[in-house]
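A short write-up of the structure that comes next.
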Amino acid sequence: VSTMNAKISSEGEEEASGMRNEALGESGHFGEAKRRQVIRVAYVIAALDLTFLFMQMGVVPYLAKSLGLDSVGFGYLQTTFGVLQLVGGYIFGRFADQFGARAALILSCASESVFFLLVSLSTSIPLLFLSRLPGVFMHGIPGAQKVITDLTTPSQRAGALGKLGLCFGVAIIAGSALGGVLSTKLGLYVPAYVGLVGSLINTLIAMVWIPSQTKPKSDHQVTEHSTPRSGSLFSIREILRLMKFPGVMEIFIVKVFAGLPIGLFMIMFSIISMDFFGLEAVESGYLMSYFGVLQMVVQGLVVGKLASHFTEMTLLRLSVFVFAGVGLGMALMRTVWHYCIIAVPLMFAFSMLATVTDSILTKAVPSSDTGAMLGICASVQPLTRTVGPTIGGVLYKQFGVSSFGYLQLMVNLVLFVYLLKSKIPLGEMKS
């Protein structure tokens, strides 16, 4: 009987494996080599997407100033974009779940094309504000994350998602340098022209190289308990439903609050670099390039290796603990050289926290909801950008730079104790 049961179990596993391979296309569409190729294409799309955005990001303040927009108006412009990204993150994720990762990536790249077209036509302040509207659907990183999540096993996911940070580092360096050179040599609108052409090429790459179905067919056969109950692209009830899965709310709270103080600091960094560090514009550019190199090293060489040797909860606790140490360092720093030293553990903690929490949260919900979960995760940074200027401005004006460090230290010490004492019910959600 034992032998017969083992044989039946083996045959069942072979049949399930065959169904999955067929769904993934090994019998005709694409196998392991094709799967890796599609993931690499997703990395390329994400790197180009971020490069064009960083290229434009450094030029926008000068473009706004040339159109007569003051610092207060520029703050409103940034807040407008942050709110649009905040609202659009979850909508984009739901769109990816309902129509597939390929359609979502095409939508993101096409929206970016419209964005650059409108920027290139922005000869007045109203047109400049109008150019922010496509930001609702500009979510290249969550789109690439959706492709990677669909094509990786849970054990591979953290390492694969971590490599997206390498794309981020490349984009910071290349985008900042290109934006500065093009705008200085050829004019303020040239980066927008280059971004328009590049984003159109990105759209074609997504259309040609990303398959129409990246998720195995078996993953769509979810139970009635786990399927989305609403067909609309935005539903508060759906967000609350996802938050009720075991461990999701706890991990999401850690994700939001662990990085909030440093997010406030980074929003105020342009002012801090001038007033506190006394840096010129060129020196600030060098500092951003330094961050880009650190991001590439940490994401490319460190995160993936640690993810293959330690559990995700261990790495989450480690990142929060390192964040607390970074807070202490920030509270005591006095020069830009101190900050360059602190930036090493800061980049490690920031990258590890983002990668591990995204991996945990996508595995804690059904595969039919991974896009929505990634969209919710992607809304964390726009939320910080929306409320950050007000909170960060008050902290900096009333208490100085050290206040960001003390806040970082206290918040992450509380979160570290919470992670040590609480038993968060985590488990991989089966379709």
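For all residues, glycine too, the Cβ spot is worked out from N, Cα and C.
Those TrEMBL annotations? Automatic predictions, nothing curated.
Look at TrEMBL and you will find 1-21 tagged as region 'Disordered'.
The domain 'Major facilitator superfamily (MFS) profile' annotation in TrEMBL covers 35-425.
Through the fold, the transmembrane segment (41-64) approaches residues 73-74, 77, 105, 108-109, 112, 116, 119, 122, 125, 128, 138, 140-141, 143-144, 147-148, 163-164, 166-168, 170-172, 174-176, 178-180, 182-183, 188-189, 191-192, 194-195, 198-199, 201-202, 205-206, 209-210, 285 of its own chain, all at least 6 residues removed from its boundaries and within a Cβ separation under 8 Å. Here TrEMBL flags 41-64 (among others) as transmembrane segment.
Residues annotated as transmembrane segment in TrEMBL: 76-93 (among others).
Within its own chain, the transmembrane segment (105-129) has Cβ neighbours under 8 Å at 42, 45, 49, 52-53, 56, 63-64, 67-69, 73, 77, 80, 92, 95, 135-140, 143-144, 146-147, 189, 192-193, 195-196, 199-200, 202-203, 206-207, 210, counting only residues six or more beyond its boundaries. The transmembrane segment feature in TrEMBL is assigned to 105-129 (among others).
Sequence-distant contacts of the transmembrane segment (160-181) (same chain, six or more residues past either end, CB-CB distance under 8 Å): 39, 43, 46-47, 49-59, 141, 144-145, 148-149, 152, 191, 194, 285, 288-289, 291-300, 303-304, 307, 351, 354-355, 358-359. Among the features that TrEMBL reports, transmembrane segment is placed at 160-181 (among others).
Residues or ranges marked as transmembrane segment by TrEMBL: 188-210 (among others).
Positions annotated as transmembrane segment by TrEMBL: 251-272 (among others).
For 284-302 (among others), the entry in TrEMBL reads transmembrane segment.
The transmembrane segment annotation in TrEMBL covers 314-332 (among others).
A Cβ distance under 8 Å defines the sequence-distant neighbours of the transmembrane segment (339-361), meaning residues of its chain 6+ beyond its ends; these are 145, 157-158, 161-162, 165, 247-248, 251-252, 254-255, 258-259, 262, 277, 287, 290-291, 294-295, 298-299, 302-303, 306-307, 312-313, 315-316, 318-320, 322-323, 325-326, 329-330, 333, 373-374, 377, 426. Positions annotated as transmembrane segment by TrEMBL: 339-361 (among others).
Nonlocal intrachain contacts for the transmembrane segment (399-420), taken as residues 6+ away from its ends with a CB within less than 8 angstroms of a stretch CB, comprise 254, 257-258, 260-262, 264-265, 268, 272, 276, 313, 316-317, 320-321, 323-324, 326-333, 392. The transmembrane segment annotation in TrEMBL covers 399-420 (among others).
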- Determine which recorded stretch among 76-93, 251-272, 284-302 has the most C-beta pairs below 8 angstroms with the transmembrane segment (314-332). 251-272
- Message: Six or more residues beyond either end and a Cβ under 8 Å away: which residues meet both conditions relative to the transmembrane segment (251-272)?
- Response: 243, 284, 316, 319-320, 323, 326-327, 330, 346, 350, 353-354, 357, 360-361, 364, 376-377, 380-381, 383-385, 388-389, 391-393, 395-396, 401, 404, 407-408, 411-412, 415, 418-419, 424, 426
- Query: Any idea what the model's mean pLDDT is for the domain 'Major facilitator superfamily (MFS) profile' (35-425)?
  - Reply: 84
- Near the transmembrane segment (284-302), which residues from the same chain, at least 6 beyond its ends, have a CB less than 8 A from one of its CBs? 58, 162-166, 168-173, 176-177, 180, 270, 273-274, 336, 340, 343-344, 347-348, 351-352, 355
- Message: Are there residues at least six beyond either end of the transmembrane segment (76-93) with Cβ under 8 Å to its Cβ atoms? List them, or say none.
- Response: 60, 64, 69, 104, 107-108, 128-129, 132-133, 135-139, 142-143, 146, 233-234, 239, 371-376, 378-379, 381-383, 385-386, 389
